[in-house]
Amino acid sequence: MMGKLYIIGARIYLPPNACRLLHRIPGTQQRAARLAMSYYNIVAADAENVLPNFARTVQGPTLIGVFFNLMLYGIFLSQAHIYFSNYKSDQRWFKIFIGSLVILETVNSIFAMYYSYDRLVNNFGNMNAQAVSNWAFGISPLTNGIIGMGVQLFFAWRVRVLTTKVWAMVLIAFLSIISCLGAISIFFIAAILVPSPTVAAASFVRPVIIVWLVFSATADTLISTVMVYHLRKHKTGFVSTDDTIDKIIRLTVQTGLITSIWAIVDLGVYLGDPTAHHEIFNLALAKLYTNSLLSSLNARQGWKYNSSADNSGGRSMEAKQHRLGHHPRPSNAVNLAPASIRPEVFVNIESHELRDVALAKHPSDSTIPGDYRSSSDMNKDRQSF
């Protein structure tokens with residue numbers, strides 16, 4: 001059993017016999033006090049030089065970003081299943097494009113999980129390993145850039161088809177390609193930093209990340225602006241058609257604003273916070289792009305259903321949709337669009353009945369002159385009734 005001597009907040013553990021011996025020596029307590037004070041100062045000085053908890057400031061936000069990534073990945077897979085189930089007659093390059101996005105998103109999520117496991121489990125307690133990334137971390141910006149560019153190029157093609165504005169398509173494609181090149185550059189910089197973290201390479205990361213996120217947000221904003229302007233300009237005045245256009249406008253604004261605002265928030269947190277809290281937003285960026293794309297593609301089912309329901313000639317609309325390659329709404333589909341008030345026509349029909357009423361019994365008969373009642377004209381009027 002150890003004896004304890006408490007002096008100025010410090011603990012000195014000694015055997016019981018040694019404690020009794022020290023108490024008998026003159027001046028021992030004063031010397032022990034000075035020793036304890038020196039030890040306390042050394043511990044306090046070392047505490048100031050202790051490395052920060054990189055598991056909390058660096059790997060913790062990254063782990064939260066991985067959680068968001070996986071949740072959005074599940075939503076993406078469900079939307080991909082809906083697309084491949086309901087749009088089997090879409091063009092082949094459509095299906096290849098969506099399938100390649102599924103592969104890229106799967107790779108993105110797998111390496112995000114591997115990175116967190118390697119830093120937090122394989123290197124548990126190793127603060128030096130917690131402070132730096134490994135090669136798997138570079139897969140995230142690489143796949144984010146490729147996925148973002150693919151989705152933005154698809155929307156650029158849609159802008160070209162709907163608006164016939166070549167300049168808009170070229171500008172959107174330019175912004176998305178520059179953004180993708182910035183993300184790919186981050187991957188190679190991360191590969192350089194892992195074996196030899198030089199100051200020059202670390203200082204080069206910041207402007208590249210700014211270029212990546214700024215160009216990406218600008219492309220998303222331009223896509224939404226051009227689409228909304230064109231659709232609002234070409235409203236027809238018909239209720240059913242304008243309702244469908246309004247739904248497309250709302251979906252375009254929602255999907256475009258979500259990705260652009262998310263990229264801007266990611267950039268703002270990266271510039272304003274020295275820790276890795278921006279990874280909460282960055283690791284989920286690719287999933288927002290693919291979910292916005294599939295939500296716009298799957299929404300075509302609801303638009304066609306509402307348009308056919310508002311048409312008075314149901315068979316002609318069905319035949320027209322068949323010629324255009326459209327698909328009827330499945331019986332188990334759920335209409336999430338708000339019910340619109342259809343115009344109604346009220347017809348008020350008034351009936352008039354002619355009855356043979358004796359003029360003598362009519363309330364106004366007393367006002368008829370007597371010579372007229374006895375005349376032949378009176379008899380003719382009665383016969384006419």
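Using N, Cα and C of the backbone, Cβ positions are placed for all residues, glycine too.
Predicted, not measured: the structure shown is a model, and the values here were computed from it.
The transmembrane segment annotation in TrEMBL covers 63-84, 96-115, 135-155, 167-194, 209-231. The domain 'DUF6534' annotation in TrEMBL covers 216-301. Annotation comment: TrEMBL describes 305-314 as compositional bias 'Polar residues'. The region 'Disordered' annotation in TrEMBL covers 305-335, 360-385.
Outside the transmembrane segment (167-194), and at least 6 residues removed from its termini, the chain residues within Cβ reach (under 8 Å) are 132-135, 137-139, 141-142, 144-146, 148-149, 152-153, 155-157, 159-160, 201-202, 204-205, 208-209, 211-213, 215-216, 218-219, 222-223, 226. Through the fold, the transmembrane segment (135-155) approaches residues 97, 100-101, 104-105, 107-108, 111-112, 114-115, 118, 172-173, 175-177, 179-184, 186-191, 194, 212, 216, 219-220, 223, 259, 282-283, 285-286, 289-290, 292-293 of its own chain, all at least 6 residues removed from its boundaries and within a Cβ separation under 8 Å.
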